[in-house]
Amino acid sequence: MLFAINEINERNDLLPNTDLGYVIYDSCFTISKAVEGTLTYLTGQDEAVPNYRCGNGAPLAALVGAGGCDLSIATARILGLYYFPQAGYSSSCSVLESRFQYPTFLRTIPSDEHQSVAMAQLVLRFGWTWVGTIASDDDYGKYGIKRFKEVVEEAGVCISFSEVLPKFTSPESIQRIVRTVTESTAKIVVVFSSDVDLSPLIGELVRNNVTNRTWIASESWVTSALVANQPDIHSVLGGTLGFAIQRAEIPGLQEHLLKIDPYQDALTEEFWETAFNCTLSYSKALRNTRSLRASREAGNGTESQASVRGTPDGLCSGKEKLQSLSSTYSDVSQLRLTYNVYKAVYAVAYALHNLEYCMPGKGPFQGGSCANISNFEPWQLMYYLKNLRFNVPHTGEEIFFNDGEVTGFYEILNWQRNSDGSVKYSHIGFYNSTAPAGEKLTIDNTSIIWNNDTPRSVCSERCQPGTRMGIRQGEPVCCFDCIPCADGEISNTTGQTQGCIQCEEDYWSNANRDACVAKTIEFLDFGEALGITLIAIAVFGALLTVVVVVVFLMYLNTPLVQVNDPLLSFTLLLGLVITFLCSIVFLGEPRPWSCMTSQVALAVGFAIVLSSLMGKSALPDTTVIAPQRIMMIICTLIQAVACTVWLILLPPHPVKNTAAQNIKIILECDPGNIIFICSVFGYDVLLALIAFMFAFVARKLEDHFSEGKCVTFGMLVFFIVWISFVPAYLSTRGKFMVAVQIFAILASSFGLLMCIFLPKCYVLLVKPERNKEEMMITRPKLRDSKTTGASASSASLSTEANGNGTTISTVSVDD
């Protein structure tokens, strides 16, 4: 500070007609001393008197300091009441950003808001998701680490532990923090603390040989000699990454420091005595010597001497030279905080210069007035400070205050080992808060030298493709288990955080669940073995039915064909041909036409068959057959009309069934509307029940060929097949559902064909002698002799022999 003031006073272009003076107060790093100095500064006297000012000297311009957040907060609250400017150089805590609470506070050091964000971006840059934090127990540490944790936790990073360094340390508290660090699996530790508060912890870490950790340092200790010069420090802090405020070279500063004379500057007395381990005051040295000799003589049992002759022990000789010191005092290689002090002094000087050279009539105050450099108000200088813009000498850095703040620019340093074993602060990158998003942090990874290997700090390793994160109960979100994705879901990147992705409707997850593959399209194809088998059976059934038709045509005029109403028989056979052939339409990839044809043909075909059976079974004793045909036609037309309405309004159509089986798309026909399909096939069930009822009653009016029994057996087969079909259909999936349906159609059709027409074809082709008119007469069954004695006594039994010698017995009933 004194160097900068002297440099300004020697310049001719800056305040050429005004000299800067200074009053320096030592706060001794305590708030009370800082407040006392502030009140003394405001009073203008050597005594601190609140709300009182009486100074006869030059006007007090601004306060530069204080040296720490807690001290600056205390002083800024007081100075803000009187609107006195304050230029801070080391108080970086973000709480001082509030212009409402601290209206006159400006600073040349970036706010810790920028540093906390920079630290967070560094952690995210290297993919560290499991970190520990240590902060000093003051505003600097608390606010800095709080903002850091907010940023990283929002980005998904978890905090393994969060410790606070007490201001008044004890061995127990330091050892507890060391245990926390060693027991944690986090390999990254972020420390927001001053070097004074951190030094005891570092010493304990060295004694416990806590290695294999990478430390992230805040600007307050990253270049601190108090930390870096500890023995064996490189084993613990080697590879540390840290953020440092901008460094500069100030020509002439080292020479100025080496010319310090403690006999002329009282501020340097304590430093001089400490550096050279001697006492500047003769009287003080004399008292110390007498006290030391008295204690020695008392220990030896001799009387003490009342006086000391010669030079007292420990008195500075005056030959001490700062050049001979091996300390950080004269080291100007890391001028960072010093550079901020330099900038703060120059900021006040440039503001005073602008105030002094204001042109009357063009000034910033009321009526264009200007302030008087010899007697100005603090708020007038505050105006010039807030609107200041200048270039720092020697470095050319442009300084301006944006609402009292400067831009956030940090150098990123890596602790490396010099050849002599000392710490080397290697520049590996920088952080610029004014850069575009994504370009604020710049790091040369190749320049980093880690303590061991490149650190990796995660609570759980990233999940591989095909798995997702499963959060552990009661643990941070970064601690998880990797759980395989569910069927139909995939994760195709390592460490995917959004969970598994649902495959699209027509796709399914592969075995590894890291890719979606197209589902297998399934339908009962014509060309596969099952399809060919069903087609062969259907065609065989249809041809067999045609053979029956041919046989009936060949024996059309015989009694057996005539007595069973040939028209109804042929209609029944036509319906069976339809049911046999419609089963083929169920095969192949479903199309709109095939869906409509298969369902409608099946419904109408069975309607024809069942209405024909109902006509054949009704009125078995009459020779009038016209009503049976009319009934058959009406029943068939009702079904045809219902199917037509179905096709017009909501016809069956092909759909992709993706719900039945996960890995397959089943192409099937959707009925369109459940009401229609239930109505249509419910009508067929009704016809079947009526036909069965008629046949069951007609079996008692038995003719020689048991027509009623044949129909009854055929209907029983029909019902058995379709009742068995329901559970079999519901228990199958995919193309086998179609196969079960086709099998039911063919089985029921074969059942009707065999039960009704096989006996007749047997007679027509094998037993033609039974195909005679007298054999077609309907006869009642013989009743029990107790109830039909009269009828039985009037019956006559005759026997004839045919040409083959077969005896035929007939029963004639007398009217």
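Glycine is treated like the rest: Cβ placed from N, Cα and C.
Annotated features, as they stand in TrEMBL:
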COMPBIAS  787-799  compositional bias 'Low complexity'
COMPBIAS  800-815  compositional bias 'Polar residues'
DOMAIN    530-771  domain 'G-protein coupled receptors family 3 profile'
REGION    294-313  region 'Disordered'
REGION    780-815  region 'Disordered'
TRANSMEM  529-555  transmembrane segment
TRANSMEM  567-588  transmembrane segment
TRANSMEM  600-619  transmembrane segment
TRANSMEM  631-649  transmembrane segment
TRANSMEM  674-698  transmembrane segment
TRANSMEM  710-730  transmembrane segment
TRANSMEM  742-766  transmembrane segment
### Query
Looking only at residues six or more beyond either end of the transmembrane segment (674-698), which have a C-beta under 8 A from one in the stretch?
599, 603, 606-607, 610-611, 613-614, 617-618, 620, 635, 638-639, 642-643, 645-646, 649-650, 652, 707-708, 711-712, 714-716, 718-719
### Message
Using Cβ distances below 8 Å and needing 3 or more such pairs, separated by at least 6 in sequence, tell me whether the transmembrane segment (529-555) contacts the transmembrane segment (600-619).
### Response
no
#### Entry: Dominant neighbour of the transmembrane segment (600-619) in 567-588, 631-649, 710-730, 742-766, by Cβ pairs under 8 Å
567-588
### Average model confidence [pLDDT] within the domain 'G-protein coupled receptors family 3 profile' (530-771)
84
